[in-house]
Amino acid sequence: MESENRTVIREFILLGLTQSQDIQLLVFVLVLIFYFIILPGNFLIIFTIKSDPGLTAPLYFFLGNLAFLDASYSFIVAPRMLVDFLSAKKIISYRGCITQLFFLHFLGGGEGLLLVVMAFDRYIAICRPLHYPTVMNPRTCYAMMLALWLGGFVHSIIQVVLILRLPFCGPNQLDNFFCDVPQVIKLACTDTFVVELLMVFNSGLMTLLCFLGLLASYAVILCRIRGSSSEAKNKAMSTCITHIIVIFFMFGPGIFIYTRPFRAFPADKVVSLFHTVIFPLLNPVIYTLRNQEVKASMKKVFNKHIA
């Protein structure tokens, strides 16, 4: 009987971002504009870093991977959301929901760990400059990338396995525009207290610890560069401030969503929209606009291949 109950729910009905047609149209247009303008910019960042021999430092290697992660992350939720805006009934299969949830946490977890790696890179570059070539050699950089991909995979697998073990026998309406843990787990027809604790530990605690660790590391870096020369200080300050902005934009919504009991709050959908759609598109752009070397290289690539 338990096995049958687990297979009763074969699809979920997404209630969407809002029931207002005017707001749906506005969000549809804004997200579409973001896609057509900023998403190609992310791929331009990747192409620029790959094609310019002058951008071989570990910072640019990680920035290229960040752009790739964000471009991939933006394909998980936004395209389906745009299609659903045009549909009267928004339905996602059980398997499709689990797949979306897996990639959401796989790429999101990997990106959070990548920001930790980038903070470590900046710490070594600014606080231990003489050791930088030795510590941040290509082999170490590739090992770090492999570790963060593996970390994101393990984090996501834990989320998915916990969901798959739950029976779903109705109702099947998800009060959101995509599948995520807080909404899906509430539809399980069993007590989920222990599972929620495990998920808060897996997602929320990891997010919070990474956030606090990143803030502490950049605080150390900022204290260290106070006595530097004016030019070096300004460049280091610019890089650190950019990273801190991205940290708040990424981890702020994550902490709000995953470090509390899985209850519905009025701001949930707006925070989720920013976290899953807007921020992944803007993230590499924020880095690029404050990096003179990347901007100069992008101009050369643009003039060479397009102008």
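Every residue number used here counts from 1 along the chain in the order it is shown.
Each Cβ is built from the backbone N, Cα and C atoms, and glycine gets one as well.
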Exercise. With Swiss-Prot as the source, do Leu86 and Arg263 lie on the same side of the membrane?
Worked result: yes
Seminar exercise, completed: Same-chain residues at least 6 beyond the ends of the topological domain 'Extracellular' (80-100) with CB under 8 Å of its CB atoms are 9-17, 24-25, 27-28, 31-32, 160, 163-164, 168, 174, 177-179, 184, 277
For this session: Report, as a single number, how many Cβ atoms besides its own are within 10 Å of the Cβ of Cys189 (disulfide bond).
Result: 15
Seminar exercise, completed: In the same chain, residues at least 6 away from the ends of the transmembrane segment (140-158) whose Cβ sits under 8 Å of its Cβ atoms read 58, 61-62, 65, 102-114, 116-117, 198, 202-203, 206
Problem set entry | Stretch in 26-49, 58-79, 236-258 most in contact with the transmembrane segment (101-120), if contact is a CB pair under 8 A | 58-79
Seminar exercise, completed: Here the 10 Å Cβ neighbour count for Cys97 (disulfide bond) comes out at 23
Exercise. So what pLDDT does the topological domain 'Cytoplasmic' (290-307) average out to?
Worked result: 74
